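S.K.: Could you have a look at this structure, given as structure tokens, before my questions?
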């Protein structure tokens, strides 16, 4: 006798796949879902009431908005007193780009991934530079310092993003070490 595995309906030719099965593999990979049971608190913090398609759309919207804010900030930099607008829009762009992945992964998994040991330094530098950019432009009125923090934001965000691509950081380190040495 065979095991009592749950049976799956076989779709007839030309019939649409059930909504649950269309993007199941991609959804599991992006959401980092395991077959393990989660505690009630983790389920509540991690659960999303949005459909997978909606989450992907909002990811794209936030990511594009982040890019547009960064470009708009760069364009506004050349206006008189544009440094404040640049710092605000560039920082908002980075926050929107970072928040976009919350729609794919969920906020709890995003935070866990951000503070994973391999991303911890980049995350801390990135968040610190986001705050220091705004402090430099609004409270300290130091344009040069604001620009430095924006550059550090970019570098930290890049290093953070590279941590999600296998061997990307190693490739960058090898490239720079061969160029410098």
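For all residues, glycine too, the Cβ spot is worked out from N, Cα and C.
Annotations for this protein, taken from TrEMBL, read as follows:
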type     : residues : note
TRANSMEM : 58-79    : transmembrane segment
TRANSMEM : 85-108   : transmembrane segment
TRANSMEM : 120-140  : transmembrane segment
TRANSMEM : 146-167  : transmembrane segment
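Just tell me what is around each of these and how deep it sits.
M.R.: Distant neighbours of the transmembrane segment (146-167): 83, 86-87, 90-91, 94, 97-98, 114, 118-119, 122-123, 125-126, 129-130, 132-133, 136-137; these residues of the same chain sit at least 6 beyond its ends, with a Cβ under 8 Å from one of its Cβ atoms.
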S.K.: By Cβ distance under 8 Å, which residues at least 6 away from the ends of the transmembrane segment (85-108) in the same chain are close to it?
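M.R.: Result: 30-32, 42, 45-48, 50, 55-56, 58-63, 65-74, 76-77, 79, 126, 130, 133-134, 136-137, 146, 149-150, 153, 157.
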